[in-house]
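Student: Below is one structure. I have some questions about it.
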There are 2 protein chains.
Amino acid sequence: MARTLSTRDSTFETEFTALLGAKREDSPDVAETVAKIIADVRSRGDAALVELTNRFDRVSIGAEALRVSESEIDTEIAKVTDEDRAALELAAERIRDYHARQLPPDQSWQDAHGATLGWRWTAVNAAGLYVPGGLASYPSSVLMNAVPAKVAGVRRLAVTVPMPDGIANPLVLLACRLAGVDEVYRVGGAQAIAALAYGTETVRPVDKITGPGNVFVAAAKRAVFGQVGIDMIAGPSEILVISDGTGDPDWIALDLLSQAEHDESAQSLLITTDPAQADAVRAAVEARLETLERREIAGKSWEEFGAIITVSDLDEAAALSDRIAPEHLELVVDDPETLAAKITNAGALFLGQWTPEAIGDYVGGPNHVLPTARSARFSSGLSVMDFVKRTTIARMTPEALKAVGPAAETLAKAEGLEAHGLSVRARLDQLNEGGA
Amino acid sequence: MARTLSTRDSTFETEFTALLGAKREDSPDVAETVAKIIADVRSRGDAALVELTNRFDRVSIGAEALRVSESEIDTEIAKVTDEDRAALELAAERIRDYHARQLPPDQSWQDAHGATLGWRWTAVNAAGLYVPGGLASYPSSVLMNAVPAKVAGVRRLAVTVPMPDGIANPLVLLACRLAGVDEVYRVGGAQAIAALAYGTETVRPVDKITGPGNVFVAAAKRAVFGQVGIDMIAGPSEILVISDGTGDPDWIALDLLSQAEHDESAQSLLITTDPAQADAVRAAVEARLETLERREIAGKSWEEFGAIITVSDLDEAAALSDRIAPEHLELVVDDPETLAAKITNAGALFLGQWTPEAIGDYVGGPNHVLPTARSARFSSGLSVMDFVKRTTIARMTPEALKAVGPAAETLAKAEGLEAHGLSVRARLDQLNEGGA
């Protein structure tokens, strides 16, 4: 079972550091394989895409079938039950409402010398979204990536989703439709990333690629970074629950297991001020693990990476939490707002016992693509900001140039950059000659 | 001399594509050397730092001298002339004023069901800024990195700056002081990045590292990414000037040369609607190149990567500009605002003939750390946003959970994630039992 730590133990610091440093993922080095696939797609285009797709996905298609037609999407979508469709529509609507508030405003103002300063935001022109095939093909992830892109104003949004054995996921295609995805391609793996980054006869290149994927997809994203922008490379999922003893042990257990069931490398942690609750949650996890469908995965994750930490008070909990910098942080305490104010490093906060983390995965509104592996110390979850870029703006007037130009000239000289200084001086000289 | 292109030529598309694709930088692969240095600093800490510093910087210091003392900084700063100090102070003030407007607001609201949603921004706790030594040690770059960090609220800002042969740059140290830098270390290269990322006895680790550096520094930043956040890996500088024939050819020539003088790999481009102006600017560049201090560097850059493109009209210019996605874009035209509205991909815009790009390098206010190598298609210049991160917030009420919980349960089932669904169901069941 999961390990137990207590801040009262003299060994705590050592044990906690070990927990923080635990290597949860062994990524095999596939860089060479991926480099070959990317080079192949770059040089042979569609021909390579077709060949690789037919081989890896056990199908037999031609280039004309790389793109999934609208009528095919219609046919697949028709298979979705009314209940599933309504749930997905509710999720799309709530995610759209939340992300619409993230659109950053342009700014423009005049300084004391009459210079106009500011910046302008524009959407990335074209974006590509990778969607895994098979078991990890989640319609919710399509919404979480595609909706922010469309809210940002991305004009062309292309999805690549492998369809092993020719089998499509109707809910994934419905999510594409609901989110306003413009193009869908039945391609996966590093070849899909290469096509999005460099383009082929059928797939026009994009400027930014987001979305989760296996180790080949992750390596391909790393390799094409620079040619295009990419989102973060996400690691295994994590949850930290902080409790003051008031939460229902079974609810907490289920919240911990809802991360553990994702992946054997997922990490579920509980920090509690109440040793009795620690025991109760541990027992509840064990009980639930007996019947859970994904008990093998969840059990391994809990056993290997799970932990229950008892602390003296909530301040201690907040301090440990900031060191963990969890992807998901549930505050199951009497006054979650007060505790939340003490938290700095967390991808997403879930306040109070009525906010299970699973709400955030689907219908809360906030994004479920969040920083893992302690990166909440310096990065944020996916948002509209990932699909826009800022252009700064400056417009000097003759008066403004007279006021600040000489300082620029001075600094250019100090840095040994003569042309920089001359470009200012030439203009100042004319202003002085003209008596302006 | 620089090449000439015209959109009227049948060969234009081929030539323009070649210009866009020109490989301007050959980075030797130093990954292995860098990996060894990082491993050495991680395992031996200060001892490795001291050894590497003494070897590479030809000094002989002990661990106690790794940190530059406040009194040493005082001594160096006293050497700065009043003119240089005033110029740097003006720059710092204007950069601070500009970036203070970038602080993003927190948001919080209630949805129709009473759920509280929103997000909160917090500063990165500790940041490290790499400052190159020697010729490329620019006080302006210290301000451009350090001021946004401090405006963001970074509590601990550490600078590493190598001091070859023990020689400090007084203006760099003054820039550190003006920007509020908390710690300065006389360490450079991959060893500085390793110390900032992993910490040593003397240097505490940070969460994010920014700042320019040579190929070893860039490789080290790539290597520690994940352990800490990093800013972009900047390529050689670029400028594009778009003119309608109204600009002074000598001013445009100086603006082009102020990029070219940075680096032999820099790229300076002019797009003009006026063939006569094209000739005049070319002649002006040649004339200025005869006397320019850095004529060797600027001449090579202009010859190898410079270009003058004549176009039919400004719409054509805007379309080409978006394909170039320049780091710096000067609009030397009669009505720059109208043209600016047609531009999507650019790091920084400089409007009108009174706004030489060099103003933006020093005292304009906007940041001079900008996306290079066409990455303005998907990324932005350095800003306060690089030193903050967002934590999303959700708080359900029983009523809100009743309203949206069943949809989450439905989607969890569809994705085969049972515990996700159960974590919602357990709460809904209690609400239903309680008749709430």
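Yeah, the Cβs are placed from backbone N, Cα and C, and that goes for glycine too.
Here's the feature list from TrEMBL:
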type	residues	note
BINDING	B:TYR130, B:GLN191, B:ASN214	NAD(+) binding site
BINDING	B:SER237, B:GLN259, B:HIS262, B:HIS328, B:ASP361, B:GLU415, B:HIS420	substrate binding site
BINDING	B:GLN259, B:HIS262, B:ASP361, B:HIS420	Zn(2+) binding site
ACT_SITE	B:GLU327	active site, proton acceptor
ACT_SITE	B:HIS328	active site, proton acceptor
Student: In this structure, which of the binding-site residues B:HIS262, B:HIS420 has the fewest other Cβ atoms within 10 Å of its Cβ?
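Tutor: B:HIS262, out of the binding-site residues B:HIS262, B:HIS420, has the fewest neighbouring Cβ atoms within 10 Å.
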Student: Would you mind ranking the recorded positions B:GLU327, B:ASP361, B:GLU415 by how many other Cβ atoms sit within 10 Å of each Cβ and giving me the lowest?
Tutor: B:GLU415
Student: What's the CA to CA span in angstrom from B:HIS420 (substrate binding site) over to B:ASN214 (NAD(+) binding site)?
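Tutor: Cα-Cα distance, B:HIS420 (substrate binding site) to B:ASN214 (NAD(+) binding site): 48 Å.
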Student: Using a 10 Å radius around its CB, how many other CB atoms surround B:GLN259 (substrate binding site)?
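Tutor: There are 31 such Cβ atoms around B:GLN259 (substrate binding site).
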Student: Using Cα-Cα distances with a 10 Å cut-off, which of the binding-site residues B:GLN191, B:ASN214, B:SER237, B:HIS262, B:ASP361, B:GLU415 are near B:GLU327 (active site, proton acceptor)?
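Tutor: For B:GLU327 (active site, proton acceptor), the binding-site residues whose Cα atoms are within 10 Å come to B:SER237.
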Student: Rounded to a whole angstrom, what is the largest C-alpha distance between any two of the residues B:SER237, B:GLN259, B:HIS262, B:HIS328, B:ASP361, B:GLU415, B:HIS420 that the record assigns to substrate?
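Tutor: That value is 55 Å for the farthest Cα pair.
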Student: Around B:ASN214 (NAD(+) binding site), which residues of its chain at least 6 apart sit with Cβ under 8 Å of its Cβ?
Tutor: B:PRO132, B:ALA136, B:GLY189
Student: When DSSP states are folded down to helix, strand and coil, where does B:GLU327 (active site, proton acceptor) land?
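Tutor: It is coil.
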Student: At a CB cut-off of under 8 A, do any of the recorded positions B:GLN191, B:ASN214, B:SER237, B:GLU327, B:ASP361 come close to chain A? List them or say none.
Tutor: B:ASP361
Student: Within 10 angstroms of the C-beta of B:GLN191 (NAD(+) binding site), what count of other C-beta atoms is obtained when all protein chains are considered?
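Tutor: The answer is 28.
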Student: So which other residues, same chain and not among B:TYR130, B:GLN191, B:ASN214, have a Cβ within 8 Å of the centroid of the Cβ atoms at the NAD(+) site?
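Tutor: Everything else in range on the chain: B:PRO132, B:THR160, B:PRO162, B:GLY188, B:GLY189, B:ALA190, B:ALA192, B:ILE193, B:GLY213, B:PHE216, B:VAL217, B:ALA220.
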Student: Determine, from DSSP, whether B:ASN214 (NAD(+) binding site) sits in helix, strand or coil.
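Tutor: Reduced to three states, the DSSP call for B:ASN214 (NAD(+) binding site) is coil.
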Student: What kind of secondary structure is B:HIS262 (substrate binding site) part of, going by DSSP in three states?
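Tutor: DSSP call for B:HIS262 (substrate binding site): coil, neither helix nor strand.
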Student: Among B:TYR130, B:GLN191, B:ASN214, listed as contacts of NAD(+), what is the widest Cα spread in Å, to the nearest whole number?
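Tutor: Across B:TYR130, B:GLN191, B:ASN214, the two farthest Cα atoms sit 13 Å apart.
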Student: Using DSSP reduced to three states, classify B:GLU415 (substrate binding site) as helix, strand or coil.
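Tutor: It is coil.
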Student: May I ask for the distance between B:ASP361 (substrate binding site) and B:TYR130 (NAD(+) binding site), taken between their Cα atoms and rounded to an integer number of Å?
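Tutor: One finds 18 Å between the Cα atoms of these residues.
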Student: Look up B:HIS420 (substrate binding site) in the DSSP assignment and reduce it to helix, strand or coil.
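Tutor: The three-state answer is helix.
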Student: Compile a sequence-ordered list of residues in the same chain as B:HIS328 (substrate binding site), six or more apart from it, whose Cβ lies below 8 A from its Cβ; state 'none' when nothing qualifies.
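Tutor: B:SER237, B:GLU238, B:ILE239, B:LEU240, B:GLN259, B:ALA346, B:GLY347, B:ALA348, B:PHE350, B:GLU357, B:GLY360, B:LEU370 - these are the non-local Cβ neighbours of B:HIS328 (substrate binding site), listed in sequence order.
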